[in-house]
């Protein structure tokens, strides 16, 4: 009896959503071309993240080498984008990574991806409101933060913010009211804010070439001592610094263009990944194009490339105008213009900054409510969260529950902690989405079986190595390295499924321990003791090499 219950539970965990091909009558007219998709991708990618990420990464993590961090993040996003394009070609539907994971990986993977996306969106909403509050306060002379810090700072625990941010709380409560009224962005508003998001990087890049100083990419510790002795540190928020100096990765002023070394570049790349969020929206528009397979791939790569040029140009301009250790972490552009003596530009950029944040905030809340409703419809969340207002048609409970949670986080949590964890949910969701390509690519005739319920967990009697119990080890290895068929068959799908599980894909499979040992332990070793590994420590280096060899062998088996 217990075995039957466990089997039923396992079948529910790997239950996949049957996806039917879209009928021609239901499919929208194919009126978009590649250029249209590029415009949509640029509008989705360029946003408030250019203001949030550039300052924090440049000041505390990578310095002027933020440009390299952005390049690493952009390359990762291109790989994820190509995987999304392949998912769009393999699965006969058009949707987000959440829908693709449900159609290919099963309920458990979908549940994890959905909650990670909700985590990212809630933290993103709280962070946007917090940055809006900080920018507004700095624009009026930091009076709000000074008064709140003097009043609440002695009573706040060390793991929370220095003071509760009532401005961010009030902003999110106002946003709840705006969303519940059924407000929506008209095409004119979308075009206006897209133009603003394009104008800001262009103006900042031109200003950086005019007012920038190449010496700021060649700073020394002596320059840091001179600058700090002559400056009153106008970039601190009225005594409140959301990212204290102890969080710097190394001594300030040293290292020139790469002040915090290779570690800073990689840590900066993890945070810069947030800058390119939105490129996956191109896949959802693919059904409206004349040639989806070509247009989706080209437009995604071009959009990410344009976003990289914009972000790297802004980062280069800021670090040229201001020494990286004097950059305002979460309001870099207005303070950069103040540093070079362009006061009118400072106020203009601050107002544009606030407007862009409001637009991004509304878009984030809207997408978050739609995701919650989709998960409720699939039975992965409580039914009450999908309650729709009769008059406005807005998901009342989805908006109120998610934004109220974000408001509590914005009120009490420190912005530094939220920014550090903001990209975690999105990165993990993209990892699961890209791994699903490994499973899909080697399945036979997936599109023809879209209407069938196919269990992803292979039966014990169907295991590729158990099908020939009398075979010798050499024959087994030969079947792995030299497969008999060059096209996907059932056995190839089972082998790749097992190898993907070994690499950490299906956490519900019987290879959970191996999945953790292969990639998680390797990541922990490289994160905790990178210098000892690369300096030749006999134990750590041997373990890392063995793990890499095993991962390489499994990857080669998948390739074969």
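Just so you know, glycine gets a Cβ as well, placed from its N, Cα and C.
The transmembrane segment annotation in TrEMBL covers 37-61, 67-85, 97-123, 159-181, 188-210, 264-284, 296-325, 345-364, 396-413, 425-442, 507-527, 539-559.
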Take the C-beta pairs under 8 A between the transmembrane segment (159-181) and each of 67-85, 296-325, 396-413. Which stretch has the highest count?
396-413
Let me check one thing: do the transmembrane segment (425-442) and the transmembrane segment (188-210) come into contact, meaning three or more Cβ pairs under 8 Å with sequence separation of at least 6?
no
When each of 67-85, 97-123, 188-210, 396-413, 539-559 is checked against the transmembrane segment (345-364) for Cβ pairs under 8 Å, which one has the most?
188-210
Segment-segment contact (the transmembrane segment (188-210); the transmembrane segment (296-325)) at 3 or more Cβ pairs under 8 Å:
yes
Need a quick answer: max count of Cβ pairs under 8 Å to the transmembrane segment (264-284), which of 67-85, 97-123, 296-325, 396-413 is it?
67-85
